[in-house]
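Take a look at the structure below.
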């Protein structure tokens, strides 16, 4: 500190330029304390933490701290917080989970990342699907059933649509008539003649006598309701013709529709699937 | 080097004769003297006694003032503030800033001199020191004396009391964030959570070091407010000022021809920051008025008029008349902003909505076509119930045509203090819509208390529309 407040009398280094002398007043004590504390801090830090970059890797530091370890600890901490809720989810069935507002919300939030990782690539981040390729999960048209338990089943075991290719099996003229009929019936204008042909050519076997889908859905063929406004593979005449001609998932048939939902039972835990099902159910079409 | 060239440098040295910077090289042992400003200082300390007692005050069965950080609720008597109401905090900060600015413009560093915790705690600490080690002369002697049983006893006692005060300060601070009585119990049974220990350690260290050792050094070198306030002072501001015209030339009382200042240096001796007010206003002066008390006592003894050092502005010292308070632009400006902030806070406090509501329209997908051709939109209702009771909210739409809530007007249950997102779906027949984007007004009414009614505007999106 400035021990000598009168510069004329202050001790100097003997250096003098044009009458200006370099004094030897030391810096204030608090400044020196801060200075020493700072470099001591540095040294301690360098010893405790990874710090000095060497050729292949940096020094490890005696605390053994690493970022990945810190991340893992944080994840473990998070898992610990979630564990009691997950236990409750495991113990409840889908219906009960939907009825509990708090757990339903927990399930939806937890399933957000799982949905993004596993489902969104095909079905879209909001379950909106991709027209003609992947079905929407947000509408009320379900090929296999839209209640929570059926959704759980669909995710666990996967689904595989099946529709025979009718090219060669049915007259070309009849195929055209059938296409006209289903397009008309989607608008509620299906003719009785069309419906008769529909039944004669065996379509009703899966799609129901009135083309409105049927109990057969629960058997797992995924035959869609042809009287509603939603088209699984596109509603233009060309698209409908293609579907009738080449069917769905027919081996060896070029141009056949592909409609395969993989099974997630081996990949995701039952709780994760249950929570995913809640999220899907809450997109807006759940029954 | 010629003499002429050397002159300016010598002149610099001569000018710098008074150059003295207090960097804490010596401990300032200020003499304590009774007087008007000394009393003011004690009165101001009461504010901080309130700080020490407030955590133990109860209100409606809970702590009157409690900043509950884990639950994100601030309790101020009967008012509960949620993070959403935090905008009021900015108004409180503006209000405090304007108070500081306004008071400083009128009367200098009043905050520093009387109210600042650094000043007050330092004052308490030196009061203890004065009681235990004696007056400044005795204290200096004790500091210089070699270690003895008496010195050890006095120093141990002093530091023990200082540490105790520091501990109480720390626990008090922590007690604003959790239940005070429970906190004491947990500290005493060594069962407090780590964060409580860290807070306590920081405060004990800070109080003990800042009030016990660094003292005026904090005001000189650490505190930004000291510097900020210095620039708010103008020629109208009243400050403890030495009347140079009257006092100079200073000299012994018995000598003829001297001014009123007898150079007794009592004003320097009582100064808690160790400045000499006779050198004029300076950064070290916290305007506490101790020198005024001291000088007045000397003037009384000499039968000279009081006020050789007095609260006066530079204009007054120059013989000008001070403009009245309400004619000074700074005062008017600060007061206006102050009043705006106050009205904002009053409005905020009296208009805290019972529910914090937002209804978010789903963006992906914007709409969904249902199997019967209807268009459905999805909304997420995020409602935080700030009341202490469970609320059942009936949802309806106002002013919308062609739109319907799926499952018609369902109830949303809001538990107190919780926010559980719920979903709402609206459907419309495409033909009934007038545009691709329709404004909808959600109305949420409480079944229990109909006066709790919230409205929220959102949109309904559809692909076609007419």
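For all residues, glycine too, the Cβ spot is worked out from N, Cα and C.
Nobody curates TrEMBL annotations by hand; they come from automatic prediction.
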Quiz item: For which of the residue intervals B:64-85, B:86-107 does TrEMBL record transmembrane segment?
Solution: B:86-107
Quiz prompt | Which range of B:22-39, B:40-57, B:112-129 is transmembrane segment, per TrEMBL | solution = B:40-57
Quiz prompt | Feature contact check the transmembrane segment (B:331-349) with the transmembrane segment (B:160-177), CB under 8 Å, 3 or more pairs | solution = no
Quiz prompt | Interface-richest range of B:40-57, B:86-107, B:197-214 toward the transmembrane segment (B:331-349), CB pairs under 8 Å | solution = B:86-107
Quiz item: Excluding the flanking five residues on each side, which residues at least 6 beyond the ends of the transmembrane segment (B:40-57) place their CB within less than 8 Å of a CB in that stretch?
Solution: 63-65, 113-115, 117, 120-121, 123-124, 168-169, 172, 175-176, 180-181, 288-290
Practice problem: Quickly jot the same-chain residues contacting the domain '4Fe-4S ferredoxin-type' (B:250-280) by Cβ under 8 Å, restricted to those at least six beyond its ends, or write none. | Solution: 18, 22, 28, 30-33, 119, 122-123, 126, 136, 215-216, 219-220, 240-244, 286, 288, 290-291, 293-295, 297-299, 302, 304, 308-309
Quiz item: Counting only residues 6+ away from its ends, which parts of the chain sit with a Cβ under 8 Å from the transmembrane segment (B:197-214)?
Solution: 24, 118, 121-122, 124-125, 159, 162-163, 165-167, 169-171, 173-174, 177, 187, 222
Quiz prompt | Within the domain '4Fe-4S ferredoxin-type' (B:250-280), residues counted as helix, strand or coil by DSSP | solution = 7 helix, 0 strand, 24 coil
